[in-house]
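For Glu107, the entry in TrEMBL reads chlorophyll b 2 binding site. The feature chlorophyll a binding site is assigned by TrEMBL to His110, Glu213, Arg218, Gln230. According to TrEMBL, the feature chlorophyll b 1 binding site maps to Arg112, Glu183.
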Amino acid sequence: FISRMVQLSLRIPTVAPVRAPPVVMFGNSETEARKAGWFPAGYAPRYLTGELAGDVGFDPLCLVELARTRTSIDRSGKWGGVDRKARMVMATPYEARRKVMWMREAEIKHGRLAMVAAAGWPVSELLDGPLSKLFGLPNALADGGRAPSLFNGHLFEGPSGTFVLLVALAIAYLEANTLDNVEGLTPTGYVPGDLGFDPLKLGEKRADMHLAEIKHGRVAMLAVAGFSVQEFIYGPAVV
């Protein structure tokens, strides 16, 4: 009995092996991959470091490789995701970072426009008719009380066309003044999408506001796409 107790006390407990994170190549170096925030068992691409707000490591098709800056080398190939992933693996950290920053700049700007559109689309369909009658102006809505869009063919007609032209000119002005920042041709420290616009002095909550902006922008882009497809397929206005 005593010898049996000694054997049990000396027995070494077995511990389940812990799976180590995979090691990935990035340029000429090897580093551990970061866990993806959108898929429990997945790992984020090495070029998505998590430093940007809202970065959950989501780029399954490696679309970041499609970024084409003015000073980048054109290494375009077939559309296959494997080819793009291979090119990103061979890219230097500097090249990969520039592509990520370029895509983040595009995402933020599209998200901002989508947030304005997601709010303005239903409001215009609700108020354009009453306001046009009140002020004696022509109705800018398309057939069925729908907001002008590419799908219904009325986006560039009448007041809508003038508004689109003014927006395009404003965007061109902003792009011309921020292109060097996006290209990485100015000193580092530039935050994608930062135009110095902060009238409410929200700088103290900058990190929280960056995360809120990118999340709301992504939802707004989905919403605007849904508005367009819904009206195109079913016909009636969104509201």
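Backbone N, Cα and C atoms are what each Cβ position is placed from, and that goes for glycine too.
Please treat TrEMBL annotations as automatic predictions, because they have not gone through curation.
Each residue contributes its Cα atom, and for Arg218 (chlorophyll a binding site) and Glu107 (chlorophyll b 2 binding site) these two points are 8 Å apart. DSSP assigns His110 (chlorophyll a binding site) to a helix in the three-state reduction. Taken residue by residue with DSSP, Glu213 (chlorophyll a binding site) is part of a helix. All chains included, 14 other C-beta atoms sit within 10 angstroms of the C-beta of Gln230 (chlorophyll a binding site). Counting only the Cα atoms, the space from Arg112 (chlorophyll b 1 binding site) to Glu213 (chlorophyll a binding site) is about 8 angstrom. Here the Cβ of Glu213 (chlorophyll a binding site) has 17 other Cβ atoms within 10 Å, regardless of which shown protein chain they belong to. Taking CA atoms as the reference points, Gln230 (chlorophyll a binding site) and Glu107 (chlorophyll b 2 binding site) are 23 Å apart. Among the residues the record lists as binding chlorophyll a, namely His110, Glu213, Arg218, Gln230, the two farthest apart have Cα atoms separated by 25 Å.
The 10 Å shell around the Cβ of the residue listed as 'chlorophyll b 2 binding site' contains 18 further Cβ atoms across the protein chains shown.
Within 10 Å of the Cβ of His110 (chlorophyll a binding site) there are 15 other Cβ atoms, across all protein chains.
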